[in-house]
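Feature annotations, courtesy of TrEMBL:
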- R30, R52, D193, L194, N195, R199, S200, N211, I212: ATP binding site (BINDING)
Amino acid sequence: MSEYDTVSADVQHEEEIPEDHPRYQDLITRHRIENGVEKGITHLQGMHAEGRGSAFDYLLGEETIPSADAAERAAAAHLLLAEQPVLSINGNVAALVPGEMVDLADAVDADLEVNLFNRTPERIEAIAEHLREHGAEGVKGLTADARIPNLDHQRAKVDADGIYAADVVVVPLEDGDRAEALQEMEKTEIVIDLNPLSRSPQVAEIPIVDNIIRAVPNMTAHAEELATASEAELRAIIEEFDREHALEAAEERIRNGV
Ligand SMILES: Nc1ncnc2c1ncn2[C@@H]1O[C@H](COP(=O)(O)OP(=O)(O)OP(=O)(O)O)[C@@H](O)[C@H]1O
Ligand SMILES: CC(C)(COP(=O)(O)O)[C@@H](O)C(=O)O
Ligand code: BAL
C-alpha cells in the first residue's frame, strides 16, 4: 500500500465549492492540494506546507499587497532579461498552478524543471506528465545529471542544461537550504513564499510574499505588458525594486495589518 492509499478517495471537485463562500480561494487551494496527493503528484507533507502558507495568507488579507506586486513586476523584468531562465516545480506548485506555470514559461521563454524535496521517480514522472497535460512541451528534471554543490540529499539533483546552467531561477515554496545553495551558485533567485521570515525569501534577490495562486498569473500579466520594453526600461524596474522594503512591508502587514 502506498502512502497515497491512506488518503480518503472522497475528494470534492472544485466545482462543488460554492463560489460565494467568503474563503472560496482558500477552499479551492486546499482541494487542489488534496487532489494532488490523490494523483500522486503532491507529497502528503505538501498539506502541512499549504497549512503554513494559508495561515500567513489569512494574515496578509488574502490579497496581493503593493510590495508583492512590485516584486512580481521586477521578477517579470528579470525573467525577460535572462538568457536561460528556469521555473522550478515541486508537488505543491504542480497541484496549484500547473497551467499558470506553463503560461509564465511561454511568456518569458523559460524552461520548466521538476525539482523535489521528497524525490521519487514516480512523482517526477507524474508531475512531468501533469505539466504536459497542461500544455508543457519539454519538461526538465528527469535526467538529473548534475548536482547543486554543497547540498546533501535528493533535492540537490538537477539537470545540467536546466537549473544547473540557469542564470535566473524561480523557486516557489522552496526549502531554505536549497535556496541558499542556489544563491551560492550566484543565480538570480526569485522566491515565492507567503512567510517573509522563511529562509528562502530572506536569501532571494526577489522575494515575492504572495500566494502562488495570485503571484504567477500576475507575473505573466507583467511579462506580457513588458514584452516590448527596452532593456533599459527593464533594468530600471529591477533597480527600483527594494527587497528589504518588500520583506518589511509584508511582515508589517502580517503583524499589524497595515
Ligand atoms: N500557496 C502558497 N503560496 C506561496 N507560499 C506558500 C503557499 N503554500 C505554502 N507556502 C509557503 O511555502 C513554504 C514551504 O515550506 P518549506 O518547508 O519549503 O519552507 P520552511 O521550512 O517553512 O522554511 P525555510 O525556507 O526556512 O526552510 C512555507 O514557508 C509556506 O508558508
Ligand atoms: C512539501 C514541500 C513543500 C514540497 O515537497 P516536494 O514536492 O517533495 O518537493 C517540502 O518542501 C516541505 O516543505 O516539506
Ligand atoms: N522543505 C522541507 C524542509 C525544509 O528544509 O524546510
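Including glycine, each Cβ sits where the backbone N, Cα and C put it.
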Does DSSP give R30 (ATP binding site) helix, strand or coil?
helix
Close in space, distant in sequence - S200 (ATP binding site), Cβ under 8 Å, 6 or more apart:
V171, E174, D175, G176, A179, V191, D193, P207
Same-chain residues six or more away whose CB lies under 8 A from the CB of I212 (ATP binding site)?
N92, V93, L96, V97, P172, L173, I192
Recorded ATP binding residues, R30, R52, D193, L194, N195, R199, S200, N211, I212 - maximal Cα separation rounded to whole Å:
24
